[in-house]
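Here the structure is laid out as structure tokens; the discussion comes afterwards.
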Amino acid sequence: MLPSLALLLLAAWTVRALEVPTDGNAGLLAEPQIAMFCGKLNMHMNVQNGKWESDPSGTKTCIGTKEGILQYCQEVYPELQITNVVEANQPVTIQNWCKRGRKQCKTHTHIVIPYRCLVGEFVSDALLVPDKCKFLHQERMDVCETHLHWHTVAKETCSEKSTNLHDYGMLLPCGIDKFRGVEFVCCPLAEESDSIDSADAEEDDSDVWWGGADTDYADGGEDKVVEVAEEEEVADVEEEEAEDDEDVEDGDEVEEEAEEPYEEATERTTSIATTTTTTTESVEEVVREVCSEQAETGPCRAMISRWYFDVTEGKCAPFFYGGCGGNRNNFDTEEYCMAVCGSVSSQSLLKTTSEPLPQDPVKLPTTAASTPDAVDKYLETPGDENEHAHFQKAKERLEAKHRERMSQVMREWEEAERQAKNLPKADKKAVIQHFQEKVESLEQEAANERQQLVETHMARVEAMLNDRRRLALENYITALQAVPPRPHHVFNMLKKYVRAEQKDRQHTLKHFEHVRMVDPKKAAQIRSQVMTHLRVIYERMNQSLSLLYNVPAVAEEIQDEVDELLQKEQNYSDDVLANMISEPRISYGNDALMPSLTETKTTVELLPVNGEFSLDDLQPWHPFGVDSVPANTENEVEPVDARPAADRGLTTRPGSGLTNIKTEEISEVKMDAEFGHDSGFEVRHQKLVFFAEDVGSNKGAIIGLMVGGVVIATVIVITLVMLKKKQYTSIHHGVVEVDAAVTPEERHLSKMQQNGYENPTYKFFEQMQN
């Protein structure tokens, strides 16, 4: 009985220990996580059985943005309240990766860093603090950085204290995978090294491994590397053979694999650097890549005699190694160097090194050069109707390439820190500074590429919108010029033109919102241009609508439809203006080529500007009535200007008919010189307030109010003074007037009597008489 009870208690304790110790994941066997490997279907953790499963839809592959990762977490875990994501601290080995269109696969194994899907309110991780270790934390409320930044901060802090980073976790979330602090545990070097198994320490003794095969040829591991590479190659061959067998069984899948998109092949190729499998390189290619690298001393200043393979000479040559960083063309002895690189033909090495090699100690992934650059490919391809889809693909490839480069740099950083453990503190700081500069340069390069991508996309969208608007306006004018004009055809052309103008306005506002979020200073500079463009749209639409009055018969017949159209557009303008500040986050992938606002409900925000705002400035027209058109018995229509009175100086060629109308004349609108300086907009409390432009008409009322205010203030002051004076005069203490001719003794006696003094003699005689 007792052994059975002990087994039950042990099983219950084991299940309890497997549960994730977070409030949001209470009762779950595993923590919600997702993993991505470009070219393969995404994987997610089954929280009920703790196993990795493929994408349920069978279509989702690697995601390029943090917003997309959060959305995918919410899709695969609909029963959980996923509020944020964070990159995991440690990589995991996941099997059974599948390509698109396959539900079950085997022998596909990759090592990746997953993303944790955080449930409910954020709760910091519970870190274990071993003996002789210290728990530390850092918070900065003015900083909102990624998981990678805070990991670097924790490592630097522990390194300054001559300790190793044992574990860490994020604090104070401020965005998607962004935080304001970090908690971490630093352990002494001796304690950390004792707690790690010696076999594991030879492979990787750092706290975080960023994936990838960390091959060190300088440590005499040639046989191990070649053996591992051969095993991987055999596994890949078997994997491809198994897939070929499956393809033979299903002819449709053969066609699908043969017609695999170029983009998917590119993503699969560029993901090699983040895994431990060599899916496209043979052992010879790996060795050729190593032996073709130039000798790198590294950022440290040690003088260690090493050997490297010289491509031009075809033999190994000595050089001095600094002790950290560098590359893999680094061998202890000449014999070992020749054993690795001597078997590779010099012609293949010269072919590999025909292009200039980077001089930087941090070697970026070489697989990116095998495919065209994502941004360059997008920029070289002319725009078409699928501009938005091409832009989204280019953006995802750019983010994937940036993540790949950052992962490679972090692996190099880890390797350099392992090698620099026994070096002086100055050398350690030099290593940290070098890689910090490298990370910053990669971030800046990615930011420049993003900006170039966005600017090109915006320019193409604007050109396409201009073409659409021009074509719609020409069709509208042609319909008006038809003999006889068909009212319903005219209305359809007018509706298309209005939609084209609406797209232009939507594109302008979204572009300004993106610039405002990325670069507020630049947004302030282009603010007047944005307002001017909105004003141009307003003027252009008023002129186009005024043309309808030249054909009164058509205007009268379609008046109801036009009024309804104008009301819808006015409601659209009100919705846009009312929601300008309600949702400030807009990805730079949204643009005017996406579905209209009535379908997507995307909101924008305008910065407050100096000056006055008129609601009509963003409402492109005013409703009109055909009854206001005067009758003309001679069929000569006097056009009615539907624009505001202040803007009626623009000529519309009254009475000239529509035979000589040109689209360019409508598109070119004269703007007031003052509008560039005073944009005429003001936002208060998320509402738009109209101020009359003609302030002179209210000067009389203002002067009257000022005079009345002065009079009222004067009366109040006089009243207060009188009340104060009355208060002081009403207070008295029974003062009795004394004749000025009396003697000083009598005056003194009078004052004493006023204060209650009684002459004792008088009091004695009064008592005697009584």
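Even glycines carry a Cβ here, placed using N, Cα and C.
Swiss-Prot lists a disulfide bond between Cys158 and one candidate from Cys105, Cys117, Cys186, Cys187; that candidate is Cys186. Residue ranges 131-189, 544-602 are listed, and Swiss-Prot annotates 131-189 among them as region 'CuBD subdomain'. Which of Cys105, Cys117, Cys341 pairs with Cys291 is settled by Swiss-Prot: its disulfide partner is Cys341. Between the listed residues Ser354, Ser730, Ser750, Swiss-Prot assigns phosphoserine to Ser730, with no corresponding entry for the rest in that record. In Swiss-Prot, the feature region 'Collagen-binding' is placed on 523-540, out of the ranges 361-378, 451-468, 523-540, 613-630. Thr729 is the residue among Thr59, Thr266, Thr275, Thr729 that Swiss-Prot describes as phosphothreonine. Within the set Ser292, Ser441, Ser679, Ser697, Swiss-Prot records phosphoserine at Ser441.
Same-chain residues lying 6+ beyond the ends of the motif 'YENPXY motif' (757-762) with a Cβ under 8 Å from its Cβ atoms: 749.
Counting residues 6+ beyond its ends, the region 'Copper-binding' (135-155) has Cβ neighbours under 8 Å at 86-87, 89, 127, 129, 165, 168, 170-172, 174-175, 177-186, 207-208, 406, 410, 417, 436, 439 in the same chain.
Secondary structure of the region 'Copper-binding' (135-155), assigned with DSSP and counted as helix (H, G, I), strand (E, B) and coil, comes to 9 helix, 7 strand, 5 coil.
In the predicted model, the domain 'BPTI/Kunitz inhibitor' (291-341) has a mean pLDDT of 80. Per-class residue totals from DSSP over the motif 'YENPXY motif' (757-762), listed helix then strand then coil: 3 helix, 0 strand, 3 coil.
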